[in-house]
Protein chains: 2
Amino acid sequence: MSDIEIAQNAKMRPISQLAEEQYGIPHEHLDPYGHYKAKLSLEYVDSLSHKSEEGKLILVTAISPTPAGEGKTTTTVGLGDAMNRLGKKTMICLREPSLGPCFGMKGGAAGGGYSQVVPMEDINLHFTGDFHAIGVAHNLLAAMIDNHINHGNALGIDPRRIKWKRVVDMNDRALREITIGQGGPANGYLREDGFDIVVASEVMAILCLATNRADLKERLGRIIIGYRTDRVTPVYASDLKAHGAMAALLKDAIKPNVVQTLENNLAIVHGGPFANIAHGCNSVTATKTAMKLADYTVTEAGFGADLGAEKFLSIKCRSAKIAPSAVVLVATVRALKFHGGIERDHLNQENLAALEKGFANLERHLKNVTQTYGLPCVVCINHFTYDSDEETALLIQKCEALGVRCVVSKHWAEGGAGAEELAEAVLEIVDHRDPGFEYVYDINAPIWDKIETIATKVYGAGGITAGAKVKEEIQRLQEHYGDLPICMAKTQMSFSTDPHAKGAPSGHTVEISDIKLENGAGFIVAIAGNMMTMPGLPKVPTAERIDIDDEGVITGLF
Amino acid sequence: MSDIEIAQNAKMRPISQLAEEQYGIPHEHLDPYGHYKAKLSLEYVDSLSHKSEEGKLILVTAISPTPAGEGKTTTTVGLGDAMNRLGKKTMICLREPSLGPCFGMKGGAAGGGYSQVVPMEDINLHFTGDFHAIGVAHNLLAAMIDNHINHGNALGIDPRRIKWKRVVDMNDRALREITIGQGGPANGYLREDGFDIVVASEVMAILCLATNRADLKERLGRIIIGYRTDRVTPVYASDLKAHGAMAALLKDAIKPNVVQTLENNLAIVHGGPFANIAHGCNSVTATKTAMKLADYTVTEAGFGADLGAEKFLSIKCRSAKIAPSAVVLVATVRALKFHGGIERDHLNQENLAALEKGFANLERHLKNVTQTYGLPCVVCINHFTYDSDEETALLIQKCEALGVRCVVSKHWAEGGAGAEELAEAVLEIVDHRDPGFEYVYDINAPIWDKIETIATKVYGAGGITAGAKVKEEIQRLQEHYGDLPICMAKTQMSFSTDPHAKGAPSGHTVEISDIKLENGAGFIVAIAGNMMTMPGLPKVPTAERIDIDDEGVITGLF
């Protein structure tokens, strides 16, 4: 059965019953969206924040992504279900999928096999409308910028220095670079612009870091959309008086969403910033709410541990004053063979030499987690049908040689039951070991040094470099924004900036090609290489296969 | 109190209770969106369609719109509430407001004063996400067009003849005319394009005319996005295999939404196509569902009766095989004085001469309704504080001279109680008079003749004219699409094509400047003059005043 068929065969329970039964969430604080999705009221979220007890946090991260797929979301769901099976009150806390990629190549992001959150189609398509609200809030600000210029430009915005693009939740390469304002005076002033996909919007990052409505509005007001004609005075969204209306548009989007797993465990799915130019984890509100409700919270971060876990720890945990008690590092035999140099078409054949070679990637991430951050870690081999016993045995042995527990987990095929051993390994750590968590960089170090620390300590680079213009910009930002964390935008495919450098390259130089202040989100984006903020569709997009029958049953979504 | 304050003070009842209590709608067929909005399942809608009894339909329309405001939606709500007060089981059936204009000048569209549907902020902002879904479905097709061309253009689409633009739910003049595909080969081919506001999308018109999921998908597949390089072979959405995914995106949008009035009467609010380039009424599904549930359904059509009622009757009623039992024609003393030549700033001063002169507009609409269509009619004077007794008396007298009942109605200030006399007048007609409804044109008449009939019979024009190119296109369409109804796109401000020609101009010539086949919606748009399909924001947009406080209470929306 395909993922969507499994999901459609799920015996879902009414979400309000489930929320009340499992976590005592009162009916009036649960805003239903249909019978199987809901939002928690902010009053309820706020009431929880006064509780002193807090559950333990488990971060699921992975090796450097490959086309073979690793299964972080699947593992997060499987592990959560398994812990619930073992009688541990565990909340799963995920990002919302981006709609656009569902029609392209990537597909949805609600887990896979027997470890999914449901209703799968709803979660992957519009869900509760959060991303639409974010898109409109973003585009309202964009419209207000051009409208302000059109009506006299009292603020003196330099139209050549507008940084605020427009967004759409669609893979649409034709909108990457456009010219707007054509057609004469009634349509405003001509200028170059472009569209990003909604998940790349700073509004998304803001929503995911905001702690309440007041903080959200303040952050929105702080957005810098560009500069005045003096080239240096920032133009804030608050200068355009846009932030109030933007916050109003996000009235419901700020509330965490609850759904359930195939095994009827409550899960929070909220927010989904890009993992390259943004921090790539679900909302602070979602994670903190989960930690107040459950004894254990299992959550994930985007891409591999070099990007996702680093930002989760350096940006989100720092901002939210939380820390994980353990890390689960997901790998697959297939992906490690890919890192060992095997082509995509040959990954199903046993190849111990390639596996051993590719293990270098896992080992580097493992050392980062355990040594750089001081966090206890379990390696999860997300099992595929073709994995040989010799291959999995080799991985277990190599991890054990490094003093780390490695568990082969079959949650994709078996659901929570297949991840019980993983759950036990995680609980063993979480309940008995104290994490010696340390931030990788001192927040008060100079911007340049913070970037350098990430590159050398996490990526294994020899150092960083940048052109004069970027160095100048770093210098300029240092004065007022020197205490912000860094959001690294680098290829997720490699520790280096070369997506083809598999395994664990080291001693390379990370060139910072651009630096960008996201003042509302509260971080500085250091860009190393070309970051795609608007994907395209492949020659045969998944959209061509997606269909719905007369009864409303969707097929072809994956 | 402002509209939003009145709305926020409403004592709303949980929508599922209300729906069950008032119409016996079972819990499982009501998908809640929060506690005060919901969607009806299509299974339920379908089960109703097998009921043989059907309630009576009352259409609320108006004189030619003026900046003074007439209050069609307010009257629709007030009348519905009044009928319910009189013990008549009456459903109110409205269009969904467009989000973009809420931030500009126009504001929302959920009624006004004490005749509103609530929750007002939700209905005016994202509501249940229908318009977002329509926007994404539209933009998916757009992305698939450029993607197809980018990957080799197997269909031979002529990039110069693509008619399918992109949409966004925002007043954003800078996007009216743009160039896309800039930035080199990775971004596709350069071409001119533009954005319309979502309500102008053909997908919106399709959703509002589709009778079920199968019909929706078929109509989506029939959309013509442009032509092949031979200039004449249409490219259908189905050629791009886009219609299945588009229909999947509209899975929930096709379900009618239910909310309540301030007086706790259930109302259906669903769909909202533009009233100029589209047909401007709520969905066929919504209206037919209301007619199956209630003994009386009060609904509205966009703009004045020359556009809104004409399209309601010629397009929607014909397609849905329904007809109104009575028409309520809304006018205000202020608006009629405006038609009599008084400037906006002086409308609050009594002026019987101007009123008498402006009455010509009302009289023309009235004659159209009663004589051209053969429908019984009541004139509703939507009362404003400044209206003098002499003014209202004059109107009543002039209507009575034409044999039509005219009622001064105070629902804006008093809610349903203020519209009881109107309700009684309407019931008197609906319960005792047989409408002799006739279509204004024969659907099998040639396209040219159909347009001419509307212009001469409804607009009082002397005739129509068109350039050679438009005539040629009409000729071309005649062969395959000759039996489609006409959707006139003309200024709403006047019976003529000159927005400044107030009152009741006659003998004018209507120039058809363009003709457009909307093959999915199933009508031919005849364009007379420039139609704005993407509004702009004013110098001080409403967005600047919209705000939300720490508790989530929105202000400044109207």
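Placed from the backbone N, Cα and C atoms, the Cβ positions cover glycine too.
Computed from a predicted structure; not experimentally measured.
Close to B:Thr66 (ATP binding site) in the fold, though at least 6 residues off in sequence, lie B:Arg334, B:Ala335, B:Phe338, B:His339, B:Met493, B:Lys502, each with a CB less than 8 Å from its CB. Residues annotated as ATP binding site in TrEMBL: B:Thr66, B:Pro67, B:Ala68, B:Gly69, B:Glu70, B:Gly71, B:Lys72, B:Thr73.
In sequence order, B:Ala62, B:Gly112, B:Val330, B:Thr332, B:Asn382, B:Trp412 are the residues of the chain that are 6 or more apart from B:Gly71 (ATP binding site) and have a CB within less than 8 Å of its CB. Take the CB of B:Gly69 (ATP binding site) and look out to 10 A: across all protein chains shown you find 16 other CB atoms. For the binding-site residues listed here (B:Pro67, B:Glu70, B:Lys72), the lowest count of other CB atoms within 10 A around the CB belongs to B:Pro67. Secondary structure at B:Lys72 (ATP binding site), as computed by DSSP, is helix. Fewest other C-beta atoms within 10 angstroms, among the binding-site residues B:Ala68, B:Thr73, are seen around B:Ala68.
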